[in-house]
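Q: Dumping what Swiss-Prot says about this protein:
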BINDING   ASP12, SER62, ASP444, HIS445  Mn(2+) 2 binding site
MOD_RES   TYR36  phosphotyrosine
ACT_SITE  SER62  active site, phosphoserine intermediate
BINDING   HIS123, ARG153, ASP154, ARG185, ARG191, ARG261, PRO262, ASP263, ARG264, LYS336  substrate binding site
BINDING   ASP403, HIS407, HIS462  Mn(2+) 1 binding site
Amino acid sequence: MSNKLAALIILDGFGLRDETVGNAVAQAKKPNFDRYWNKYPHQTLTASGEAVGLPDGQMGNSEVGHLNIGAGRIVYQSLTRVNVAIREGEFEQNETFLAAMKHVKEKGTNLHLFGLLSDGGVHSHIHHLYALLKLAKKEGVENVYIHGFLDGRDVGPQTAEKYIKELQDQIEEIGVGEIATLSGRYYSMDRDKRWDRVEKAYRAMAYGEGPKYQNPLDVVKDSYENGIYDEFVIPSVITKENGEPVATIKDNDAVIFYNFRPDRAIQISNTFTNDDFRDFDRGDKHPKNLHFVCLTHFSETVDGYVAFKPVNLDNTVGEVLSQNGLKQLRIAETEKYPHVTFFMSGGREEKFPGEERILIDSPKVATYDLKPEMSAYEVKDALVKEIEAEKHNAIILNFANPDMVGHSGKVEPTVKAIEAVDECLGEVVDAILAKGGYAIITADHGNADVLITEEGKPHTAHTTNPVPVIVTKEGVTLREGGILGDLAPTLLDLLGVEKPKEMTGSSLIQK
């Protein structure tokens, strides 16, 4: 085995900011962290927003953080992936969308767009619908019909009118599209096999059955008058002046379902695409030979084309270490064990050859502010023993405390949590240095740095503040502007391993 040793130490939820009020990171006595910060090259990293594949300004989290760290690149979450594709012009070149549009032009049939009508960004984004309308216009598709699912859950409960008006303005401006049905997500986006709900949405879309209105806004107005708000609006059909539905989904039509989150998109998709569907009677005129497009991969059961296929994360840090014959150890307590294993390996459960894992049980307490040290000392003891035994070249370690205790929004226990972690950090890093190894000390996102809101209430969420990075190697400098995706390349650099082409991050050590 190579005698090289480098460790990646993640202080979970340890963000940096200058203001000390409500900031447990600043208030804690942490002589070891401060000693390393003052002695060794250090910088800050961006751990939120587009730097970790989330929408601009969105706080990071442990899952996303560890995915980015392990992948050595920005791992785009679905919403951001589509946003970036629209911005960069790739969206309008997407072959799956273009094939659907070609299908309806060749067959002389209709294109139906359906999905959640809001900018909540949890299941869908209305801007993705607008991008599809623009693409349909550009491709010369004339018969485009929208089946809008009303939200009221990821956005305010009475906001549907705003989104319908905005959509109507876009339709007018772009010059294509017409609203055909509207239904509350309670019906169209059920995920709990309540098929009576799904059937109502299906029958409105496929058969034009349900309450009928000429003006889409009247659907909402009428519902509100009956005390029924957005999420629960009964699937309703928009009609022409003669009372006929504007459009129903028929044989040989194309559908693009623009929700990106799968769980609530699967049932309604199966209703339209699955030949063996038996959960309710779809009737004699069930639309056949649909060209059905899902924005992302919904499920193996959905028989449709996928516009944004799953991204396989090849050559994550664990795989590269393994390929180079290096021995690695992943260690954390229960709360963050999946993060240093599954998420660090890009969503892979199995170990790589040469990978060892140590799981230390988290304490059995109702909330961790009751035991701020959690299992940090046990993690430290187990790890120091491993370092002494000289069995591993690479160590990936997570101290959970700043995040898990920080979620209490209580300053005093979180200060204690950080002080416990600092004590453990000192023993671990000094043991590594004594073996001639290197440590990278960093974090995956902020949390313990903001525990009080501007109104003086407990702040229990993550933050968008930068996180520290210290590399315990003297005589080098670290570059500015780093991101979490640069940490794996830095670890490989310390071990003298070339980073693979898939890792678009780069070592923080300036050459």
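Including glycine, each Cβ sits where the backbone N, Cα and C put it.
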Q: Which chain neighbours of the Mn(2+) 2 site, leaving out ASP12, SER62, ASP444, HIS445, have a Cβ atom within 8 Å of the mean position of the site's Cβ atoms?
A: ILE10, GLY13, ALA47, GLY60, ASN61, GLY65, HIS66, LYS336, HIS339, ASP403, ALA443, ASN447, HIS462
Q: Between SER62 (Mn(2+) 2 binding site) and HIS462 (Mn(2+) 1 binding site), what C-alpha distance do you get in Å?
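A: Distance (Cα to Cα, whole Å): 10 Å.
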Q: Take the Cβ of ARG264 (substrate binding site) and count every other Cβ within 10 Å, whichever protein chain it belongs to.
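A: That number is 20.
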Q: Just give me the nearest neighbour of HIS407 (Mn(2+) 1 binding site) among the recorded positions TYR36, ASP154, PRO262, HIS445, Cα to Cα.
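A: Going through TYR36, ASP154, PRO262, HIS445 one by one, the Cα closest to that of HIS407 (Mn(2+) 1 binding site) is HIS445.
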Q: How many Å lie between the Cα of HIS445 (Mn(2+) 2 binding site) and the Cα of HIS123 (substrate binding site)?
A: 23
Q: Counting other CB atoms within 10 A of each CB, which of the binding-site residues ASP154, ASP403, ASP444 comes out lowest?
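A: With the binding-site residues ASP154, ASP403, ASP444, fewest surrounding Cβ atoms within 10 Å: ASP154.
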Q: Return one of helix, strand or coil for HIS462 (Mn(2+) 1 binding site), based on DSSP.
A: coil
Q: Find the shortest Cα-Cα separation between TYR36 (phosphotyrosine) and the binding-site residues ASP154, PRO262, HIS462, and name the residue that gives it.
A: HIS462
Q: On a C-alpha basis, identify the one among ASP12, ASP403, ASP444, HIS462 that is nearest to ARG191 (substrate binding site); the candidates are the binding-site residues.
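A: Result for ARG191 (substrate binding site): the nearest of the binding-site residues is HIS462.
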Q: Measure from the Cβ of PRO262 (substrate binding site) and count the other Cβ atoms within 10 Å, all protein chains considered.
A: 18
Q: Where the distance is taken from Cα to Cα, which of the binding-site residues ASP12, ASP403, ASP444, HIS462 turns out closest to HIS123 (substrate binding site)?
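A: Out of the listed candidates, the nearest Cα belongs to HIS462.
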Q: Among the binding-site residues ASP154, PRO262, ARG264, ASP403, whose Cα is within 10 A of the Cα of ASP12 (Mn(2+) 2 binding site)?
A: ASP403
Q: Other than its own, how many Cβ atoms are within 10 Å of the Cβ belonging to TYR36 (phosphotyrosine)?
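A: For TYR36 (phosphotyrosine), the count of other Cβ atoms within 10 Å is 22.
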Q: Compare the Cα of ARG264 (substrate binding site) against each of the binding-site residues ASP403, ASP444, HIS462 and report the nearest.
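A: Result: the closest of the binding-site residues to ARG264 (substrate binding site) is HIS462.
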